């Protein structure tokens, strides 16, 4: 639940309006089925159960968007991270934006300049980019999302040179070259189920699982490098 809940607000593309929770209908193409979200964003049953319990107590009062925001805070806190007061009063979206999800959510193999541009387009800055990437302190990714880094990075026929050699060997065992691509690897290989700053330590050690992760630290001259270093010392 933790990684999903911390990611869903950005994955919804149009903001914290719970549009990601909307299912397919005659008038809606669900964001759940967009390329970046399908088989990635999960935990919807948990949110549905919470919403059902809330509706039984006070029907028509608490929005799905507020339930999602509260679930994010709770999951982070229960996973060892900080706690904060959640401001309430969000309104739920009545529409989904599957096309927007397909074009606006960064891919795992996207370069830093492109990712930065996508964040900027929705009013988020470089600090926001590094902060939200830190949600990868927990969660998993299928091999097919990063296997190009292990065997044929950018068509070179070689692994991504930014990958730590020991980590590369570990990942190649999890994701053999002719495998199905569906095996899972932890986004944080050190403390995979806890909220901490080891994600940023991993980047410093060239152990970012996704290219989009490692580019935050390995892109020469990038403004994100100093932010990663700061967040590494923050907790």
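Numbers run from 1 along the shown chain.
Each residue, glycine too, has its Cβ placed from N, Cα and C.
Reduced to three states, the DSSP call for residue 17 (Ca(2+) 1 binding site) is coil. Neighbours of residue 17 (Ca(2+) 1 binding site), defined as other CB atoms within 10 A of its CB across all chains, total 23. Annotation comment: TrEMBL describes 13, 15, 17, 19, 31 as Ca(2+) 1 binding site.
Taken from TrEMBL, the feature substrate binding site applies to 106. A coil conformation is recorded for residue 106 (substrate binding site) in the three-state DSSP classification, outside any helix or strand.
The heme b binding site annotation in TrEMBL covers 136.
DSSP gives residue 191 (Ca(2+) 2 binding site) a coil state; it is part of no helix or strand. Summarising the environment of residue 191 (Ca(2+) 2 binding site), the number of other Cβ atoms within 10 Å of its Cβ, over all protein chains shown, is 18. Annotated Ca(2+) 2 binding site per TrEMBL: 137, 188, 191, 196, in sequence order.
Of all the Cβ atoms in the protein chains shown, 20 others lie within 10 Å of the Cβ of residue 143 (disulfide bond). The disulfide bond feature in TrEMBL is assigned to 143-175.
Taken from TrEMBL, the feature domain 'Plant heme peroxidase family profile' applies to 13-231.
For residue 188 (Ca(2+) 2 binding site), the nearest neighbour among the listed recorded positions (19, 31, 106, 136, 175), judged by C-alpha distance, is 136.
The shortest Cα-Cα distance between residue 31 (Ca(2+) 1 binding site) and any of the recorded positions 106, 136, 137, 143, 175 is the one to 106. Taking the Cα of residue 191 (Ca(2+) 2 binding site) as the reference point, the closest of the recorded positions 19, 136, 143 is 136. Those residues of the chain, other than 137, 188, 191, 196, with a C-beta within 8 angstroms of the mean position of the Ca(2+) 2 site C-beta atoms are 138, 190, 192, 193, 194, 195, 197, 198, 199.
Nearest by CA distance to residue 106 (substrate binding site), out of the recorded positions 136, 137, 143, 175, is 136.
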